[in-house]
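Quick look at what Swiss-Prot annotates:
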type	residues	note
ACT_SITE	72	active site, nucleophile
BINDING	36, 72, 238, 239	Zn(2+) 1 binding site
BINDING	191, 195, 339	Zn(2+) 2 binding site
CARBOHYD	101	N-linked glycosylation site
CARBOHYD	158	N-linked glycosylation site
CARBOHYD	292	N-linked glycosylation site
CARBOHYD	329	N-linked glycosylation site
CARBOHYD	362	N-linked glycosylation site
CARBOHYD	369	N-linked glycosylation site
CARBOHYD	382	N-linked glycosylation site
CARBOHYD	389	N-linked glycosylation site
SIGNAL	1-24	signal peptide
TRANSMEM	432-452	transmembrane segment
């Protein structure tokens, strides 16, 4: 009877432990989508029913402060690293690295030079190092080998590939036999049209409506694939856009000799590399050049921009006021819409919306930083974050309080310039699970030892009788 009781107890303890594990959910799935240049208030310029559908059944952040400079590549890399540009190294769309004597430009193949990207580790690599798989459809940097890795699946950048084809690939990767848990999707508009038309143009209305239809298509495909209720969808952007005009031009040729400097990056933040021996002359000429141009020595750049501690940031930074355009002369291209300005300006701010099992419903939040997205992603994916400048605490109120955990999310304790110090509550929620598992394991081990011990003791008399019986001589007939 005692033996049966111990056996039943052992089974119950084992079941209790297995239940502890089985109560943990499947791996969270995340799809991060960027509509390039989608300014925060585009949501209200024309009817955007699909964006508002996500706002109603998900979360919305009204003000997202991105990083300086407010350009495409620096901010897309910030979204997936949680770092300021000075820390992740992609400081502009066009750069020069004086240490390696190498250039980086969107228009050239040197964007595939891994060394430019390896001052940071993007989230798809961290996700894969944790044993998971990632898929990227045109997200900037995902077709570059970084730290000897690509995403598990990726589409080499080709702007002619339709939004629908990009969505099809993402759906395919999420529903394959070995599904991804992290997807990244990028679309070039409304940025392209915002540059050509200007954000205040009435012609931007149809462009925004088209983006809303594309979002509607994505939602439809996720529902068709039965992913809508299981996947966490995050919709964001890299920057906004502001209106420019031909009356607000700053021509560098009026103030500087072309032979005295190299213009590394252009409007509205001009990165200027003076020729040897010409620094003071160039700096003084620019300082008094134009009332709508503010000029900084690299070491004097305002701390709030976090834009001085990197060798790829040039010795002189000239920043135009909002709506003003810097060019060498009027023969250069002029854009009716532009971005790159001070990240404190509202017109530079992008959108942020999210929907999924991890997020609250019909919840609106006033503000966050774009650096905060990275620790949020790590939390959702249950992976340990690399050192970053964001704060999970700033965005944890976006989450459903019942959101389950699979493994503990750990925010790095390594602080970078401008970082928010990790707090004890960043770890909150992971301890009960491990305490439960530990106690369950101890109970099972104790019951197992007692059961085996009892089993051995109960079998000793039978073994002695068997031994005695074998030892008896065979009776002769």
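Backbone N, Cα and C define each Cβ position, glycine as well.
What Swiss-Prot annotates, mapped onto the structure for a quick look.
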residue	record	CB count, 10 Å
36	Zn(2+) 1 binding site	22
72	active site, nucleophile	23
191	Zn(2+) 2 binding site	23
195	Zn(2+) 2 binding site	18
239	Zn(2+) 1 binding site	30
292	N-linked glycosylation site	16
339	Zn(2+) 2 binding site	29
362	N-linked glycosylation site	10
369	N-linked glycosylation site	22
389	N-linked glycosylation site	26
Inter-residue C-alpha distance, residue 292 (N-linked glycosylation site) and residue 339 (Zn(2+) 2 binding site) (nearest angstrom): 16
CB-centroid shell, 8 A cutoff, Zn(2+) 1 site 36, 72, 238, 239, site residues removed: 34, 37, 70, 71, 75, 76, 191, 237, 339, 350
Listed recorded positions 72, 158, 191, 195, 329, 339, filtered to Cα within 10 Å of residue 239 (Zn(2+) 1 binding site): 72, 191, 339
Minimum Cα separation from residue 36 (Zn(2+) 1 binding site), reported as the residue among recorded positions 158, 191, 339, 362, 382 that achieves it: 191
Chain-mates of 191, 195, 339 with C-beta within 8 Å of site centroid, Zn(2+) 2: 36, 37, 72, 192, 194, 239, 241, 335, 337, 338
Candidate recorded positions 72, 158, 195, 362, 382, pick with smallest Cα gap to residue 329 (N-linked glycosylation site): 195
Cβ packing number for residue 101 (N-linked glycosylation site), 10 Å threshold: 7
Candidate recorded positions 72, 191, 195, 238, 339, pick with smallest Cα gap to residue 369 (N-linked glycosylation site): 238
Cβ atoms near residue 329 (N-linked glycosylation site) (within 10 Å, other residues, all chains): 11
Cβ-based isolation winner (fewest other Cβ atoms within 10 Å) among the glycosylation sites 158, 382: 158
